[in-house]
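Enquirer: This is the structure I want to talk about, given as structure tokens.
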Amino acid sequence: EKSTGSLHAHWDFPNKTHDDKNDKRPEDWVDAKRIEDPAKTKPSGWADEQRIRDPTAERPSEWDEDEDGTWEAPMIDNPKYKGAWVPETIDNPDYKGEWRPKQLENPEYVEEVYPYDDIGGVGFELWTVNKGSIFDNILVCDSWEHAKSVGEGVMKILSKEKGAKKAWEKATGKDKDKGIDGEGGEEDDDDEEPGLLGFWGGVFWLAMITLFISTLSDMIVDTIEGAAANMGTPLLFLSGILVPIVGNAAEHAAAVIFAWKNKMEICLGSAVGSAVQISLLVIPLCVMVGWAVDQPM
């Protein structure tokens, strides 16, 4: 979008001079640049009335002025109408120009030590740290070489920072996360570096995680069996119906929360992933209804 204007209109610097409040305009001062030509007068036969009474109209014979009032002829367009007469104007021989009060030195005026006599260019640098925040650097100078050198220096610093950031992301594995989420914005064409864990390290941690998950699974199974015994509820009903329903409810609640936060990719993934489970909700629901009404399925 292109716009025009002047920066001077937004400056509030005091002027070098100001009007003398005691200086008054002379009474005989003539500031009318043009006047009507006194030699030009309106012609005697000029018709400037657009509407006139119809001269050919006659009062009806049955017209009674006592009852109907004074009779007047109807209005018609004036056939001799020439338009409004406008007198011609000429330059005023007594014109002295636009009057302005006397100018006095402004005591509040401050001399500009480094004025910009010729601005060669204005440079804008816009950058952001976090989403939604924008910072700017503005360079005003009269030398294209100086502006170019400043720009190149800034780009060198940014390139170094970008290279250091990429190296850190590669070392910590953040570059792979960005590639999955689509937030990196750039593809790294460099060769992939070896992972932090070797082959045997990966095997070791895989075995440890498997053992940990197996232990947690045994604890969950023991908990469900104890809960079924204490509640007097069949183990199959508790583990096959109630637990999946509660798990699905938490999953659907998370999908609603992500949709509220406008994270539609996660929301749609959760919805598609649980579509099969939702389609099988009818059978557990029928089992619960049969149990509530004491009707075996």
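These residue numbers are counts, starting from 1, taken along the chain as shown.
The backbone N, Cα and C atoms fix where each Cβ goes, and this holds for glycine too.
If you look up TrEMBL, you'll see 1-40, 48-62, 168-181 marked as compositional bias 'Basic and acidic residues'. Under the heading region 'Disordered', TrEMBL lists 1-76, 168-193. As annotated by TrEMBL, compositional bias 'Acidic residues' applies to 183-193. The transmembrane segment annotation in TrEMBL covers 196-216, 236-260, 272-293. The annotation domain 'Sodium/calcium exchanger membrane region' is assigned in TrEMBL to 203-293.
How buried are the listed features, and what sits near them?
Expert: Listed as Cβ neighbours of the compositional bias 'Basic and acidic residues' (48-62) (distance under 8 Å, sequence separation of 6 or more from its ends, same chain) are residues 71-78, 81-85.
With a cut-off of 8 Å between Cβ atoms, the residues of this chain six or more beyond the transmembrane segment (196-216) that come close are 173.
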Enquirer: Going by DSSP, how much of the domain 'Sodium/calcium exchanger membrane region' (203-293) is helix, how much is strand and how much is coil, in residues?
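Expert: Final tally across the stretch: 81 helix, 0 strand, 10 coil.
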Enquirer: Please work out the helix, strand and coil residue numbers for the compositional bias 'Basic and acidic residues' (48-62) from the DSSP assignment.
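Expert: Residue counts for the compositional bias 'Basic and acidic residues' (48-62) by secondary structure: 0 helix, 3 strand, 12 coil.
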